[in-house]
Amino acid sequence: MDTSAIQQTLVKIYQRQAWQPPRKASKNETTVGKPRELAGGGSPADGGFRPSRVVVVAKTTRYEFEQQRYRYAELSEEDLKQLLALKGSSYSGLLERHHIHTKNVEHIIDSLRDEGIEVRLVKRREYDEETVRWADAVIAAGGDGTMLLAASKVLDRLKPVIGVNTDPERSEGHLCLPVRYTHSFPEALQKFSRGEFRWLWRQRIRLYLEGTGINPSPVDLHEQQLSLNQHSRAFNIERVDDERSEASGPQLLPVRALNEVFIGESLSSRASYYEISVDDGPWEKQKSSGLNLCTGTGSKAWSFNINRVAAQAVEDVLNIARRQGNLTLPLNKELVEKVTNEYNESLLYSPEEPKILFSIREPIANRVFSSSRQRCFSSKVCVRSRCWDACMVVDGGTSFEFNDGAIASMMINKEDELRTVILEQ
């Protein structure tokens, strides 16, 4: 917990006359502490938007995943049902969610075809660069994970990517359209056609990899799960397209991070050893549980949960401040909640802001290793690995080997923006 940041938040509150019920934001006012996407941000649509060809990327449901996972065992449906029961999972429950998702995907496809739009339906394995080039727009039919997958192969900043939550009861869908359009997708298409929406240009992180023994070939973590291989073995398997080199200059990796990049040892119980340089500053040796670099989009995902503080911790800090004689106001639940919420909301920023928020997870601080900044905004971050079995994971789905001698450079470039839409509820 960053206690100095909490104290700064507390000072800001004291300096205001803030002990009144918060007023409701006006219609045209940005909500305090929230990214602009939550308050109707983005840029107005220049006329309507009506694609001719759309690719729909459908998520793999848990039911489909379990089927694929044991496909080599040639299990019958009854065998699968019994196996899931042994693991404490409900076969009927998984099948029900699968049917709900499938029905909503069919609704999306039928709605598109009713408008005369050519449609391709693909799953993860069929989704490739050729499919993206064919389409005028990409629709992610699933949840946030499917949206991240769909965005990962779209490098053209002018090609829209739209998320539709196909199971709102079980999926949050922060990156998707409001849930009402799950069952009313024709209405969404009409609003697109009339220009009744706003573009949101989400910034993404581009990655360069250089150094000794690097391998720029990615590993699909979803496919790895299906292969039942442990992550520590992922980079030891023999691959035809292995492009490992003894030493090389910077190579631009074929993915962009919409949410975040995580760097750390594959075995979470092992400390990650690396050197870090922020905005071309001096290199600093660190040991920690890894580091997270996020965009404004990802600031309310993993990064938020790494950095957020609990009300209990805030109350403890305020009690210490009161004992030191620095707190004159009465300590009550309202004060604790106000400080907690303001601090946590300060961790969020607009998806359109061209900056990276990096966070060090559980830094080790002693006479050898330091952590001068546990969390900081930056425009460029470079990391040199001193790890043994580490990985660099993009949006939780694509992994790159990142061991001793490898150097990763991460930055924001306007060319990498992702074009998404905002529709009102």
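Placement of Cβ uses the backbone N, Cα and C atoms for every residue, glycine included.
Feature annotation from Swiss-Prot assigns transit peptide to 1-45. Look at Swiss-Prot and you will find 20-46 tagged as region 'Disordered'. According to Swiss-Prot, the feature N6-succinyllysine maps to K59, K285, K300. Here Swiss-Prot flags K59, K300, K380 as N6-acetyllysine, drawing on similarity to another entry. Per Swiss-Prot, the feature phosphoserine maps to S171, S350.
Features as recorded by Swiss-Prot, highlighted on the structure.
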residue	record	contacts (Cβ under 8 Å, 6+ apart)
K59	N6-succinyllysine	H101, A140, A141, G142, G143, G145, T146, L149, T166
S171	phosphoserine	G142, G143, D144, N165
K285	N6-succinyllysine	Y273, Y274, E275, V368, F369, S370, R386
K380	N6-acetyllysine	V278, D279, D280, I356, S409, M410, M411
How many other Cβ atoms are found within 10 Å of the Cβ atom of K300 (N6-succinyllysine), counting all protein chains shown?
23
According to DSSP, does S350 (phosphoserine) sit in a helix, a strand, or coil?
coil
Fill in the CA-CA distance, S350 (phosphoserine) to K300 (N6-succinyllysine), as an integer in Å.
10
In DSSP terms, helix, strand or coil for K59 (N6-succinyllysine)?
coil
S350 (phosphoserine) has how many other Cβ neighbours within 10 Å of its own Cβ?
23
